[in-house]
Every structure is written in structure tokens, then in C-alpha cells.
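Copied over from TrEMBL, here are the features:
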- 8-19: compositional bias 'Basic and acidic residues' (COMPBIAS)
- 188-234: domain 'F-box' (DOMAIN)
- 1-27: region 'Disordered' (REGION)
- 292-324: repeat 'WD' (REPEAT)
- 325-364: repeat 'WD' (REPEAT)
- 365-404: repeat 'WD' (REPEAT)
- 405-444: repeat 'WD' (REPEAT)
- 445-484: repeat 'WD' (REPEAT)
- 485-524: repeat 'WD' (REPEAT)
- 528-567: repeat 'WD' (REPEAT)
Amino acid sequence: MFLSEVEPQIRREREREQVAPRARGHSSIPGSVRWTSDVSVRDWSLWFGELVVFSVCSGGPSRRAAMGFYGTLKLIFYKMKRKLDHGPDGRPFPSGKKHCKGSGYLSPASLAQATPTTFGDLRLANGHSAQRRRVTSGPPPSGLQDWLLTFQTWSGPERLLALDELIDRCETSQVKHMMQVIEPQFQRDFISLLPKELALYVLTFLAPRDLLQAAQTCRYWRILAEDNLLWREKCREEGISERVHRRDCEQPGADISPWKSAYIRQHRIETNWRRGDDREPSVLKGHDDHVITCLQFSGDLIVSGSDDNTLKVWSAITGKCLRTLMGHTGGVWCSQMAVATVISGSTDRTLRVWDAESGKCVHTLYGHTSTVRCMHLHGNRVVSGSRDTTLRVWDVSTGRCEHVLTGHVAAVRCVQYDGRRVVSGGYDYMVKVWDPETEVCLHTLQGHTNRVYSLQFDGVFVVSGSLDTSIRVWDAETGGCVHTLTGHQSLTSGMELRDHILVSGNADSTVRVWDIRSGQCLHTLQGPNKHQSAVTCLQFCRGLVLSSSDDGTVKLWDLRTGAWLRDVVVLQSRGSGGVVWRIRASDTRLVCAAGSRNGTEETKLLVLDFDLDEKKEAVDIN
């Protein structure tokens, strides 16, 4: 846990031991001191023993010193055990036996001494060590103090080298004595010496996997490591939501911290996302051989819209079609969903508001004079864009059109609405920023040289993707172009924006990750495992990017590194007509709308559940 500084040195020692017995010779060491006594080793261990408790209480550099202390002791202890395990010629003794002058072979049990496993009082530990000091009788050898002063002037690596040489020159009985002095230092339970609040504070610096290991140490450590507030902090650091925590609190018979349970559950979910499991996806068949044009997912309900004029409501749990929403007289091209309210737009020039629970059409919204091509829902309002060049702002609860925004001179292809501003992109190559209350166009963002197909808006920046292959980042307040993102070779069909990170999918079969503050492309998600055809849809959250494609696959990427992780979905007709049109993802599920344009793959939804297996009890956080 605290030994990362010296683990590489220990590994090198072990590798050197496996290659050949160590040569017993004199090395060049600082000061060219002759090694004559092991008294100094006892003194150093005593001093470091006091340091560990002080370091925990004081924090900062002292804590790092304590880590170095345990690392140094571990390295020294390993060297001494290696010496006891080998004879004078460097060859190992028979398994389970140690050599000692004048006494033949010693069993491992004979080396164990009565050492305290828990030091409830530091004075007891110091008294124990003081008793060991009296083992060596008589005055200290001449020159010892000078040598100790010299030792203190050396650097850490030089001290380790000196200790290494000291151990090599000691007889087996002396090495055994040093082990008896040093071993109790590993057994000091300094956590139990601290007030509970301070002990919990110390544990907050541990990674979750280290907390799980600490819980196996003793009963008191387990009590500390199960602290609910401690695990709540770990969940906060990982962005685990209160909703996930509430679910774990509701589980009957839980005997561990609810926040710890939430953390372990989330870890297992992420492991399932990244590595996959053997569970087959649920297959939801519907819409015959028609194209699924839009897909929404909320809670345990999935809503798919198709060019067959219908929408279908599915259970994500059972996979059953709960109801079919019929009423449109033309293909459904766009939809939005909030809880159980569904809004759909169609080529029949209307919008419809549905209750997904009952299947009833609550309102039919008339006003557009051509296909409703896009919409965005925020709160109780939905903004729709049409091929009639206008945008309309509707009250979902009443079905009334509150505002009409006019100004585009070609079809409106995409729209974003944050409750305060409306942003629209059209086939007239323009992006417009509107005040919906006054119906005034605040800015016309000009710069694209072809149709605008995709938009993202976070309240500060507008990001637009165009058939001209570029992506532009605009300041929503001033209307100025902040960055022009170049690199894609074709139409940017979809984008996702979180904070300042933008992920774009393109018809050139690549996915790119951008920082919109700097305008830099952080990653291009391609390589030997890249998509073989146009990217159709994107989702990203919690450090993962999901992309679907005309090549019949859904791929998972690491947002931070840009590395391909795995193919989550591969259609049987991959490469011969199978297409994944749309994807939607939550923390625990992925829903894919798939089919084909040539009859090689039937139209269907695939539902993959990455939630943990509730029956699993093993905990493995790596």
C-alpha cells in the first residue's frame, strides 16, 4: 500500500537472485567504511518507529517520509531473509530450512519470536526494543559515532547501498537478530492509537481497493473501513450519484455501508462495460422491415419511432412491446422523451404529445407546413424545427404554440434549447441564436459553406457540424467564431458535448475527441479496429465513448486515451448491409436500433444490461 517507492528495487533483487547467486564481494560505498557492528541498525529502526506515528498525525512531507520508512524496512527485511535462505556460496538451502552457525538447520518456526501484534501503548513498544538493546553487552566499538554521523550525511540510495553491504558482512546469527528487531516495526497498529476521527481522516487518503484490503486486517480496521461517510466521499470522488446510492440503501439485509455497496456496484458495472460478459442482449422485434428513425430511453421505458408512421413503447426489463402509439399519417422523423411523456414529429407536419404509460395521444400540435425534422425538449417546452424554414415553441402541457421563429431561408435541420436561448442550424448554411420570448434572432453565425446537420449548445458555446467537413465553435453571447475544428473528411452527422470535451462522429468512419477551449483534437478514434463505414450515432459518459456505424457494429472507446476497448455489438450481417442506426445509453444499459437497407438484417432493438449480478459476492477492485 505504502511501498511503491521500493517495490521496483525489490523486484530487481528478485530477478537478480533468479539469474545467478549474488557474488560476495566488496563494493564501492560512500565513505569506504569498514562494517563491524549491527548496533546502528537497531537505532535506525527505533527512530523510524517513532517517525511513523508522528508522520500520520502531522501529515504532509512526514507522511511521505513514513512511506519511505516502510519501504526501506521492507527492502532491508527482504535482503535479510534472502541471506538466511542462502548458504555462503549463494545457493539456496532446501525449502523450509535456514542455516545457522553451530546449530545446523533451523525451521521457520524457530525463527519466530514473541512480538506484539498490536501496540496499544507506544511505551510498551519502546520498552520491548530497549530490552533488545541489552542483548549486546559492553561499550560500543570505537568509531561508531563517527560512522553514524557519516551515515546521516548520505542520500537515501546511498544508505540503502550501505545497509545492503552491512547485511552481506553479517553472520547468520546477526542477521537473525536484526530481523527480530525490525519485524515488530511492521506490526505496529498506529491506526488504533489515533482518535477515530483522525484515523478516518488518514483512511481517506487510501484508494478504494486499499480500503478493502485494510478491512481484512483486524476487527477495528474493518469497523473503520466500513464507515459510511468514508465511502460517501469515495463515491463523490467517482461521481456516483445519490440515485444509485438510494437504490443500494433500499436493498434488504445489507450488512455493509450503503455507500460502499453503491461503490462496489458501480465498479462492477464499469467492469462489465469495459470487459463485457457472457450475457446475450435482449432482442426486441418490431416495425417489421422499416427503418427506426429515432430512439429514446428513460428509466425502464424505451420508445422507438419509425418511418412506418408509429412509435412503440418497450419495457427495458422484460423486452416486451407495451403499446404501439398510432395516429401519425406520415413517417416519424424525430422524438423527445421526459419520464413518461413522449413528443414526436412527423412528415405529416404535426407534433404529437403522448402518455407512454397509457398510450394515449394527449395533444396534436398543428402549425408547421412541412415535415417536422427536429425538436428539443426542455422542461415543459419543446422547440421544433421544420422544412418549412420556421421554428415553433410549444407548451407541452397545453399543446399551445407560444412563439414562431422565422429567419432561415431553407429547411431547419437541427435545434438546441436550454430554456433561455434557442440555437438552430439549417440547410441555408447558417446557425442562428434566438431569444424565444421576443422571437428575435440575436446572432446569425455565418462561416459554414454547406448545410449544417448537427448542433450542441451548453449555454456558453455553440458547436455546429456541417457537410463542409468542418466543425465550428461559436461564442453564444457575441456570435463570434472561436475555433474552426478541421480534420474530418466528410459530414459530421452527430456530436456530444460534456463540459469542454466534444466528441464528433463523421461519415468518414472516424470519431474525434476535441477540447473546445483550445480547439485541439485530443484523439482520433481509428486504427485497425476503427469503423469501416459512416458513423451514425454517438454517446459518451463516465470516460467511455460509444459509436455506432453503417458497418453494423457498436464500438467502445476510452475517452481519456482514445484507445479502442472492444466491439459491444456486432450484427450477423456486418459488412453486408447490417446497420446500427441509433444508440442510447444509461449508466447500466445500452439500447441499439438495428436493421438493414437490403433485407439482410431484420429491424430490431438490442438491449444490453451491464448492471451487476446481484448474486455475486466476490469483491475485486483493481
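Every residue, even glycine, has its Cβ placed from backbone N, Cα and C.
Unlike curated entries, TrEMBL annotations are predicted automatically.
Proximity of distant same-chain residues to the repeat 'WD' (325-364), defined by a Cβ-Cβ separation under 8 Å and at least 6 residues beyond the stretch ends, is recorded for 293-299, 301, 303, 305-313, 370-377, 382, 384, 386, 388, 394, 396, 398-399. Same-chain residues lying 6+ beyond the ends of the repeat 'WD' (365-404) with a Cβ under 8 Å from its Cβ atoms: 330, 333-338, 341, 343, 345-347, 349-353, 410-419, 422, 424, 426, 434, 436-437, 439. Within the chain carrying the repeat 'WD' (528-567), a Cβ under 8 angstroms from the stretch's Cβ atoms is held by residues 239, 270, 273-276, 490, 493-496, 498, 501, 503-511, 513, 522, 573-575, 577-585, 587, 590, 592, 594, 601, all 6 or more beyond its ends. Assigned with DSSP, the residues of the repeat 'WD' (365-404) fall into helix, strand and coil as follows: 0 helix, 24 strand, 16 coil.
For the repeat 'WD' (445-484), the list of distant contacts is 413-416, 418, 420-421, 423-427, 429-433, 490-497, 499, 502, 504, 514, 516, 518-519: same-chain residues at least six beyond its ends, Cβ to Cβ under 8 Å.
Here the repeat 'WD' (528-567) returns a mean pLDDT of 94 for the predicted model. Per-class residue totals from DSSP over the repeat 'WD' (445-484), listed helix then strand then coil: 0 helix, 22 strand, 18 coil.
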